[in-house]
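If you look up TrEMBL, you'll see Cys108, His416, Asn439 marked as active site.
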Amino acid sequence: MGSAPSKPVQYVNVETVNAEEKRGTPFTSPSRTPISADGSLSLNNISNWEAAAEASAKTQLARAILSHSNFKDALVRRDALVTNVHVFNTELDLKTGPITNQKSSGRCWLFATTNVLRYEIMKKLNLKEFQLSQSYLFFWDKLNKANYYLELSIQEAGRPLDDRLIDHLASDIISDGGQWDMVVNLLENYGVIPLSVFPESTHSSLSGPLNRLLKTKLREHALVLRELSSSLRGAGKASDDDIVAALRSKKEELLGEVYRVMSATLGVPPQPNDKFVWDYYDKDGKAGRWEGTAKQFYAAFSNKQYPVSDSFSLINDPRNSYSKLYTVDKLGNVWGGRPVLYVNTEIENLKNACNHLYQMLKAGQPVFFGCDVGQFSESSSGIMDTKLFEYENAFDISLSLSKADRLRTNESAMTHAMVISGVHLDPQNGKPLRYKVENSWGESSGEKGFFVMTDRWFDEFVYQVVVPKTLAPKELVKVFESSEKIVLPPWDPMVSLELIFQRA
């Protein structure tokens, strides 16, 4: 039936797995009487708070400055700007380009992947600039997600509409986001092509209007399938296999509408086994020509030392047990394809994987990683540093949530995928001080499209690193290859990478 479990699943309880983790000293004995006994907001509270604020020179200074300026801009620390320079002592030997731009879409995971893949192509063909077609992968991902959602609608037709799972699936039908295993599914099934063969369209770069229309139709389609399922089962004359066959036949008819909408708005991509011709100039101005299919192009230019299909996701999720294999229920794109799998491990193991950067970068292999880019980062300077802003001093507060608690309380999630293409190592001990990050927000963000990520930011807001099996710890490869998986719920914050970037 596909990669999604067909039986009810007992999801992992992230509150109890790491029971030994302390949350602070418990409050045991009330010693004060509240000013408002009934819990309402009392004006006496306001008076007390204001008296304390007026007595604080720090608060008065903050009020004088921050009431008429963007506090995020005003509180950027000068020393963070000075120390986080865009200088790295280990980088890819070939500089790829141009800097890509996902524009107003959530396709970061596809851009990060194609930014990794293009290195090998540019090196082999001696190219100055080159992009793979993100919109080609976007088309096949979106169409497959539509099919995936309708298959789940068939599978779960017996659940009530107000069931939490059904409600979640209906709200997150065909998001732009995805995960490493999902892009592996696309590459293995559809290959990849140059951007000039299937260029961007208005609606690949501005995905919101298309997504809204497709969600409207797919919700309608799901109701049609649910009603047909109820009718067929109510008649009591057909076997389960016959009912599923009838529902799938109807589903294929409905998907024809989705295809018409997508092909009209995104264009008609070449099918993976259709031949295309790609003409190009190399960096010396010499004309070149390549002819073949999308799958042949992918096979011809894949990195043979570190194959895409041989890489897997290490994650750092301190809510859950380490050295365990995790999957996410009902998350996928290609029905029956490779499931989304994570090996959860300590942050040091993610760093150790990145410590192979020297070896990987010299072999021409950038590193795909997932993070929460919106935390303690500034896009104009391209700095990601936990000490970037003076929030605590300016407001006289403490920001003390742990990484686990940020995940538990929806304060943080894995929102964005980018590529590590360099690292600056401490000359004394060889440990990383900062990382060079290739983003997909165009040249006007960061240092001509590149960001600086500090090592301490890595600790707190990097959740995923994709690593080849040959460079991963053997014990973690063994976990990945095991069959024992812990299932996370579909709404878990470790689900998919989708940050819509829209220039103000």
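A Cβ is built for glycine as well, from the same backbone N, Cα and C atoms used for every other residue.
Overlay of TrEMBL feature records on the structure.
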residue : record      : Cβ within 10 Å
Cys108  : active site : 28
His416  : active site : 26
Asn439  : active site : 26
Length of the line joining the Cα atoms of Asn439 (active site) and His416 (active site), in Å: 10
Inter-residue C-alpha distance, Cys108 (active site) and His416 (active site) (nearest angstrom): 6
